[in-house]
Amino acid sequence: MANVVVVGSQWGDEGKGKIVDWLSERADVIVRYQGGHNAGHTLVIDGVSYKLSLLPSGLVRGKLSVIGNGVVVDPHHFVAEVEKLRGQGIDVTPDVLRVAENAPLILSIHRELDAMREGSNSGLKIGTTKRGIGPAYEDKVGRRAIRVIDLTEPETLRPKVERLLAHHNSLRRGMGLEEIAVETILTELTSVADQILPYIDQVWRVLDERRKAGARILFEGAQGALLDNDHGTYPFVTSSNTVAGQAAAGSGLGPTAIGYVLGITKAYTTRVGEGPFPTELNDEIGEFLGTKGHEFGVVTGRKRRCGWFDAVIVRQTVRTSGINGIALTKLDVLDGLEEIKICVAYKLDGKRIDYLPSSMGAQARVKPIYETLPGWSETTAGARSWNDLPAQAVKYVRHIEELIGAPVAMLSTSPEREDTILVTDPFHD
């Protein structure tokens, strides 16, 4: 049985929540391996909506759910999200939820620093959620982070906090902010320790044992591959690696355990926040896609930018993430359009190119080269087989497969999990 990594193939918001929920019914273990509570997703089960941003989707189905070491954990948000799920009737206990003991913590100083930087009139606005994700990763790389396991050792926690604040207070002085006392952070941590410590574990061992026992493991990615810190539209990216390779590093399970990479791909393109977007539509078609597709962020409520499908960036993600097949989502949003365009290449300084360049200036200058396909007037909403789809919709899907170099393994035609056409089961070897 193959273990499956789910990765967004664009800039996030591709509809991973529904697909992960669909797959989680077939999985035994669900793992979050990167990011924090900055990327949300909505699950709709029996008419009830569950909005998650930190906890793995498998909790809603009672499956063992793991927060890996690649995730930065806001302990107060963790507690709040657990309580919210319990309020919706979901049983959340250490039997079904584990947190990597070596996961770094997000603290109030990270949130304040994030907001201060993003709100500054000087410098480059990245479009962060101001939830402290980036500064927490900075401290991890700088080897001064407070990790979950540190909450179990009060005798070593104080010197670690002192070292952390030596760095942060120097930053705060430069920004004209009041310095933070060691006791303030210690109180912040000890106030929540008893609520998070029952869930901690050496998750790499848990996952290795489950793998050897034949469990199906689903790795749940957040955001999208074009927000990857290395392979995305830098600097308009997130602070972690979002490509499929991070599933191994962010969970402690070796890369040979990964059997199938599923790229979640929207039938058009959206982006939240700043950064290049070659196929963006600032016209009535863009408004149509945003309105019909309900394109507003789960976490921030921010309106998403919308545009035509960009085969260049998805083809690039297929390569950088080793995608075996895609789950194409929101095809129904395109219903009713007379014609549909697909970006097949870019023009950069008069030259045709088939990739997204790495430099910020070049990314801003690329112009899309489009192919135009006829649309369809019939509905695709709720389709559960290829025979239910209009002929032109099938042609659109097949053309996407050709352009990106990967087959459609799943096709989603509404937010409801049953409205899914399965072509290839990712869990089958």
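The first residue you see is number 1, and the count goes up from there.
Glycine too: its Cβ is placed from the backbone N, Cα and C atoms.
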Among Arg86, Arg302, Arg315, the candidate listed by Swiss-Prot alongside Asp13, Glu14, Gly15, Lys16, Asn38, Ala39, Gly40, His41, Thr129, Arg143, Gln223, Thr238 for IMP is Arg302
Including all protein chains displayed, how many Cβ atoms other than that of Thr413 (GTP binding site) lie within 10 Å of its Cβ?
26
If you count other Cβ atoms within 10 Å of each one's Cβ, which of the binding-site residues Gly12, Gly15, Gly40, Gly301 has the most?
Gly12
Gln223 (IMP binding site): nearby recorded positions from Gly12, Asp13, Thr42, Arg304, Cα cut-off 10 Å
Gly12, Asp13
Near His41 (active site, proton donor), meaning Cα within 10 Å, which of Asp13, Gly15, Lys18, Arg304 (recorded positions)?
Asp13, Gly15, Lys18
Nearest of the binding-site residues (Gly15, Lys18, Thr413) to Gly301 (substrate binding site), judged by Cα-Cα distance
Gly15
In the structure shown, with every protein chain counted, which of the recorded positions Lys18, His41, Arg302, Lys303, Arg304 has the densest set of Cβ atoms within 10 angstroms of its Cβ?
Lys18
CA-CA, which of the binding-site residues Thr42, Leu331, Thr413 lies nearest Lys303 (substrate binding site)?
Thr42
